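Novice: I grabbed these lines from TrEMBL:
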TRANSMEM  29-47  transmembrane segment
TRANSMEM  118-138  transmembrane segment
TRANSMEM  150-165  transmembrane segment
TRANSMEM  171-187  transmembrane segment
TRANSMEM  194-217  transmembrane segment
TRANSMEM  237-257  transmembrane segment
TRANSMEM  278-303  transmembrane segment
TRANSMEM  323-347  transmembrane segment
TRANSMEM  402-418  transmembrane segment
TRANSMEM  424-445  transmembrane segment
TRANSMEM  457-478  transmembrane segment
TRANSMEM  484-503  transmembrane segment
């Protein structure tokens, strides 16, 4: 009788799921999200970077000052340098912050404020904003089979990169990447106008996502604006009106106060150096190291080498060169190289604007921006890592590529958490993530001889060597000398993996129909 009762219950549940399959997906995703939220809450007391004070100051200035002064205020060195929609977002949060603790939004008395109230409020604001990412993941995966859906949730909702950057280091990347995924999801479904609208909104939140702008333009022009000259022109006008409308809502008030030039100056501070303080693992790592090796060799051969007087990480590169031998790199050079690197993708989007390829094409564009862009932050690897997660289960090759790329990306973020008490957190996060990927991909993609090949395994073992050197061997051999060497090794080794990912993605795009 018990057996029959159990079978009847299973049939009843199966019937319920068939009647409301999306309700079942929502319930499962809520559980995934609650588990993630639990661990995020545990990280509230963890290390906070200067970005924490940056965003607290933005709360204060948008709450205290009139809109006309948001992009001119210099009360704090952490001035507002994100587009207007993000400033409006901070203004929205500031209403609640002022209710929790008025000092949070006090422009002068709140400087470097670290009371528990501000720590808890800002941490919770990031957790709450992640609902946008969770909604985007739901939209992407609701019609997938169970195993693939769960794995994508693990890769995105439980992303260790997002945990490190947003919930320890402190930023709001999760909800911005959620907006990107919503846009890409609409394009995949053929809702081009909505997809273009959402992408325009994203650009008004964070302008660094504009790297994929050329791909969006070519794809929408060829896919949405088709159907003959008159009909195509009408669609082009419609899309243009929607995009311009979004930018008018964002920038219109600042144009009214004559602040557009100041807003743009804040958003594009090209006076910063080619590289960030910690070199992002991109092409410029090889370029810089090549310059240093050439300078050393030529000096040994008797050539007179002028030592560089400028920095890779700050200052006006146009004033003096940070390179001893190789040509100076300027923002315009990096812009041209990024555009050149993206061009094969643009050709593909022009010839065959396939909705099934749009996620890969946009991810490739962000990879190009990361590898060849100006003053790239290591955190920008999330711009292509998260979109690629939603296509990682499509084939064994996608799984192998994502397995390597994800480990490279997360390990490259390790230097962000440099305090001893956070060391176990980042190591456990990476190891747990690697284990979940290994078992997840292996259970879904049976063919192909495993998730990783022998070459991949050798490269992955190399991370252990790099970490052992930086944590144990380097202090014993050099003591306090050459403190940048372990960071340089991390940048160089991760840059190898990033270059591999770029070549792999480029090959896939070229081979695609």
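In case you wondered, yes, glycine gets a Cβ from its N, Cα and C as well.
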Novice: Under 8 angstroms, Cβ to Cβ: which one of 29-47, 171-187, 484-503 has the largest number of such pairs with the transmembrane segment (150-165)?
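Specialist: The stretch with the most contacts is 29-47.
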Novice: Name the range, of those listed as 29-47, 171-187, 424-445, 484-503, that has the largest tally of Cβ pairs under 8 Å with the transmembrane segment (402-418).
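Specialist: By Cβ pairs under 8 Å, 484-503 leads among 29-47, 171-187, 424-445, 484-503.
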Novice: Sequence-remote contacts (6 or more beyond its ends) of the transmembrane segment (171-187), Cβ cut-off under 8 Å?
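Specialist: For the transmembrane segment (171-187), the far contacts come to 51, 55, 89, 126, 129-137, 139-140, 162, 165, 194-196, 198-199, 201-202, 205-206, 209, 219, 355, 358-359, 362, 379, 382-383, 386-387, 390.
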Novice: Please work out which recorded stretch in 29-47, 118-138, 457-478 has the most C-beta pairs separated by under 8 angstroms from the transmembrane segment (484-503)?
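Specialist: Between the stretches 29-47, 118-138, 457-478, 457-478 has the largest tally.
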Novice: In the same chain, which residue numbers or ranges, 6 or more beyond the ends of the transmembrane segment (29-47), come under 8 angstroms Cβ to Cβ?
Specialist: 119-120, 123, 126-127, 130-131, 134, 137-138, 150, 153-154, 157-158, 163, 167-169, 417, 419, 421-422, 425
